[in-house]
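Worksheet: the structure to be examined is printed underneath.
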């Protein structure tokens, strides 16, 4: 359809270059470019302060670029994007809507509903791929099923029979629709109290698609050459720093991909093996970012549930004291504390440090991984639901090819690897700046005279370790033993039939009820230093901590639990959202969990999302998007044949599956 006026709906594609929805609108005729700010739709994933600051700057750059092309950006404040779009269309007389795909479960549901509503009102709706090299439904195994490991997925991407299309240039001109019929509304993305802190961000970052292009060029023509050599260093400047640009779609992943391939060919012709290795490693990072969207699309509850069913029985420790110490950077482990203080101060962390602090959170403190993921969401400039979910699931051992959950990475030895000279720790922990390098990553072992000379008083101006690694390892093994025992008990119940050994089903449901996030997720300013390793009262909870969000709307009321062989995935089906004032036990008694299935559960574990449009010509309209926001180490994204944690246990580890939901029209 051509002629008339069309709406181009901007979301996380804030660029005019290589934007297939904008290009389609320009070809169709008059264009009204719209951005709708409706954060309430995101449930608990309301964008954090630094993320909102970035969005504000990026929208300003986009608006300026659109004005240079002949139109401007219409901004709207709403609690319902679909209703706002319908209102804009009616007021402007537009007959078409163009937008680019998103793959998180909230967007999948919203976009599906939006297409139905608008098409029922006679509006033509077209959506495009601007976020990936290949759509999720294009990358399948020989039996047309999705892959469950990164290696298989990325190998298939690199061997696809057709290459990603090259990026397109921006349009030369845009014919604007009548903007007087839909005036912009002010959207408040920055509070007065935030401006002081945000001013510091402006010194380090330059948001916007034009600046993203500059950052990409600077990386490819500079640090990329030694990327493989230097990226392990916590204090290295060889990372791309592209992730916030890429999260907001300020540069297309296809552009990054093609520029990297060009560089790869040039270095191969020159015999530059170091450059080739760096390109291959960075391409794997692109693959991990692609994989995060792929997993989110095929497993839309991946930000709320473990993908390996047995991990729902892991007894997470519910301890807000530990959580607070971790957030404040007061755990007593210098590399962890330096990372958390950098995160709070800058909204940024090197990917290696992200792995260190998240691994400490999950395996040493054994706090629920969703708490950590949510805090990252609140504080990172490049907070990204799909990539963060993949990273935290990987660290928590809940992916088929994730890290072995029974292995703890000692922060002291991680410090030797990633910050051998202690420069990173000294930058973010000034109280340890005078400590000799020999002791910088384990000050508790330093002789008293060394501590005195460095001005370090453990338990006073720097805390003692809140948990000893040896104790954490023992506690982790005990927790894993309990997990397997409860998993086996649940299996036995299901295999012996629903009627046998149920016990009190209401009691079992209460024991398995998920616990809401702590109400205070901010970093508190505590003038009183920790003068000793804190002694805290902890409890364990045998259910992953749910993130209540609008994705619960994906569950259909009529679904029932079936007694199938996929017993590893059934116990979570009865989850419901938990009020924020949910009371938490404060005693030290280990809860006795009745793992009997509860009747009348809604079956969310068999839900899948997929595009109804499976043809190659329409599903591969245009690509764009993002390199990984944060992802685990690509070198360890594999399963060892002789020492796999999963292979040492005979229990099944089947992935969760869901029914399919149409995503494109």
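Each residue's number is its place along the chain shown, starting with 1.
Even glycines carry a Cβ here, placed using N, Cα and C.
Keep in mind the model is a prediction, meaning the values are calculated, not measured.
Per TrEMBL, the feature FAD binding site maps to 227, 239, 240, 241, 242, 243, 282, 382, 383, 384. If you look up TrEMBL, you'll see 587-599, 652-665 marked as compositional bias 'Polar residues'. Among the features that TrEMBL reports, domain 'Photolyase/cryptochrome alpha/beta' is placed at 4-133. According to TrEMBL, the site 'Electron transfer via tryptophanyl radical' annotation covers 316, 369, 392.
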Spatially closest candidate among 316, 369, 392, the listed recorded sites, to residue 227 (FAD binding site) (Cα to Cα)
392
Taking the residues 227, 239, 240, 241, 242, 243, 282, 382, 383, 384 listed for FAD, what is the greatest CA to CA distance in Å, to the nearest whole number?
23
Is residue 316 (site 'Electron transfer via tryptophanyl radical') helix, strand or coil when read with DSSP?
strand
Pop the Cα-Cα gap between residue 242 (FAD binding site) and residue 392 (site 'Electron transfer via tryptophanyl radical') into the table, whole Å please.
20
Between residue 282 (FAD binding site) and residue 369 (site 'Electron transfer via tryptophanyl radical'), what C-alpha distance do you get in Å?
27
Express the distance between the Cα positions of residue 240 (FAD binding site) and residue 316 (site 'Electron transfer via tryptophanyl radical') as a whole number of Å.
35
Fewest other Cβ within 10 angstroms of its own Cβ, chosen from the binding-site residues 242, 383:
242
Which residue counts does DSSP give the domain 'Photolyase/cryptochrome alpha/beta' (4-133) for helix, strand and coil?
62 helix, 29 strand, 39 coil
Looking at the recorded positions 242, 316, 383, whose Cα is closest in space to that of residue 369 (site 'Electron transfer via tryptophanyl radical')?
316
To the nearest Å, how far is the Cα of residue 383 (FAD binding site) from the Cα of residue 316 (site 'Electron transfer via tryptophanyl radical')?
24
State the Cα to Cα distance, in Å, between residue 242 (FAD binding site) and residue 316 (site 'Electron transfer via tryptophanyl radical'), rounded to an integer.
34
Which whole-number mean pLDDT does the model give the domain 'Photolyase/cryptochrome alpha/beta' (4-133)?
95
